[in-house]
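This report concerns only the one structure given below.
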Amino acid sequence: MIIAPRIRGFICLTAHPEGCAQNVLNQINYVKSKGPIEGPKKVLVIGASTGFGLASRITSAFGSDASTIGVYFEKPPAAGKTASPGWYNTAAFETQAHAAGLYAKSINGDAFSKEIKEKTLALIKADLGQIDLVIYSLASPKRTHPVTGVTHNSVLKPIGEVFTNNTVDFHTGIVSEISIQPANEEDIENTVAVMGGEDWGMWIDELKAAGLLAPGATTVAYSYIGPALTEAVYRKGTIGRAKDHLEATAFTITDKLKDLNGKAYVSVNKALVTQASSAIPVIPLYISLLYKVMKAEGIHEGCIEQIQRLFKERLYTGAEVQTDAQGRIRVDDWEMREDVQAKVAALWLESTTESLPSTGDLAGYKKDFLNLFGFDVAGIDYEVETDEMVEIPGLV
Ligand code: NAD
Ligand code: NA
């Protein structure tokens with residue numbers, strides 16, 4: 001079929017298999033171009049199909065020749081209906097990994113559930129024995145708790161007071177003021193239940209109890225901080241509470257891994273266009289200004305550049321891992337540079353619907369958004385018929 005984008009708000013209902021495959025190939029080629037990393041050999045990536053998780057799987061496999069198991073939640077294709085992009089990304093990744101002689105298998109289902117954890121543990125036991133790196137990169141709007149059965153929905157709200165600021169509808173380019181009502185206690189608890197560290201801790205507990213973590217095993221989860229501009233809705237909002245919890249969980253996990261000499265880290269990554277971040281109010285306007293400034297400075301990075309740098313210059317340098325005062329690895333260092341933030345803050349004040357096409361990188365935002373779904377990718381002919389029924393070669 002001929003596949004075109006069908007956009008509804010923050011999501012695109014269609015995805016292009018060849019476009020997604022090309023994105024994956026570009027990421028693989030980037031990692032190879034940066035040379036080998038003395039990194040992990042057996043890697044489990046939870047949230048492996050898109051964004052930072054996919055970049056982590058690609059960096060592990062093509063930077064360190066690692067065997068990888070990916071866990072993700074994606075929609076398979078049906079006749080006349082495309083799969084979700086992570087499905088096509090994973091198919092492309094596993095095809096390339098197998099062609100390179102690398103072990104790569106995956107599990108599609110709810111990573112929060114007991115069933116998917118058990119299935120993953122059984123696969124590790126049968127095929128890999130022990131894991132030396134676990135990447136935790138889930139971004140989900142909801143979680144059904146495996147013990148209570150309660151389904152928690154996360155919200156993106158400020159805490160304490162109404163937050164009013166500008167935002168942009170990145171499809172239309174219209175800049176407008178929005179006000180977001182503050183969260184109540186239940187909103188905070190629900191968001192922490194979904195995006196906090198409890199599930200990360202459960203994965204590590206279960207892996208360890210089953211003897212599936214290698215001595216010196218490392219686990220990394222991803223966080224975000226960002227500037228004062230977005231603080232009320234991000235770091236000091238409901239999602240920020242979840243990130244506080246995630247960051248605290250790293251210390252709890254490190255304690256539990258002491259006998260294995262293992263360690264848990266949180267890496268603070270830069271703001272990027274992903275399916276998760278497009279849904280957060282105010283962030284798209286911030287990202288379009290940030291892209292403009294970072295591209296002008298020659299320091300813009302996407303997920304793959306971020307994660308390649310995380311592995312090569314933070315996690316696997318041969319020396320001790322450098323962290324900030326709160327124990328976090330920082331690869332948002334270029335985003336948070338004072339000169340970068342001063343420029344973004346100045347542009348923020350002058351950005352209107354009329355000026356944003358020049359003050360911000362709205363075009364870059366839109367392109368990255370379409371790219372997430374395999375559209376607007378260089379080298380792909382979108383007028384050509386394509387087969388939506390793609391299989392994932394390593395799907396268990
Ligand atoms: P993403 O939407 O691209 O990826 C989410 C992944 O989680 C996908 O592989 C998806 O299939 C998987 N997933 C979602 N629900 C699942 C479930 N129930 N079971 C199994 N898999 C499930 O998101 P992302 O932006 O790469 O986010 C990953 C992490 O990075 C998050 O913790 C996010 O907060 C963090 N982060 C994001 C940014 C950013 O700007 N995008 C910046 C810093 C940190
Ligand atoms: Na991810």
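Glycine residues also receive a Cβ, built from the backbone N, Cα and C atoms like all the rest.
TrEMBL annotations: computationally assigned, not manually curated.
DSSP gives Tyr234 (active site, proton donor) a coil state; it is part of no helix or strand. Non-local neighbourhood of Tyr234 (active site, proton donor): Tyr224, Gly226, Gly240, Ile280, Val282, Ile283, each in the same chain, at least six residues away, with C-beta under 8 Å from its C-beta. Summarising the annotation, TrEMBL assigns active site, proton donor to Tyr234.
Secondary structure at Gly47 (NAD(+) binding site), as computed by DSSP, is coil. The NAD(+) binding site annotation in TrEMBL covers 47-52, 73-74, 110-111, 138-139, Lys243, 272-274.
Here TrEMBL flags Tyr224 as substrate binding site. Counting every protein chain shown, the Cβ of Tyr224 (substrate binding site) has 21 other Cβ atoms within 10 Å.
For the domain 'Trans-2-enoyl-CoA reductase-like NAD(P)H binding' (2-78), the DSSP counts in helix, strand and coil order read 31 helix, 16 strand, 30 coil. Annotation source TrEMBL lists domain 'Trans-2-enoyl-CoA reductase-like NAD(P)H binding' at 2-78.
Under the heading domain 'Trans-2-enoyl-CoA reductase catalytic', TrEMBL lists 81-316.
Annotated domain 'Enoyl reductase FAD binding' per TrEMBL: 323-384, in sequence order.
Of all Cβ atoms in the shown protein chains, 21 besides its own fall within 10 Å of the Cβ of Glu74 (site 'Plays an important role in discriminating NADH against NADPH'). Residues or ranges marked as site 'Plays an important role in discriminating NADH against NADPH' in TrEMBL: Glu74.
Long-range Cβ proximity for Val273 (NAD(+) binding site), meaning a same-chain Cβ under 8 A and a gap of 6 or more residues, is found for Pro284, Ile287, Tyr365, Asp368, Phe369, Leu372. Counting Cβ atoms from all protein chains shown, Ser49 (NAD(+) binding site) has 27 others lying within 10 Å of its own Cβ. Checking the binding-site residues Ser49, Gly51, Asp110 against ligand 2, the ones whose Cβ sits under 6 Å from it are Gly51.
Tyr224 are the recorded positions among Tyr224, Tyr234, Lys243 whose C-beta comes within less than 6 Å of an atom of ligand 1, given in sequence order.
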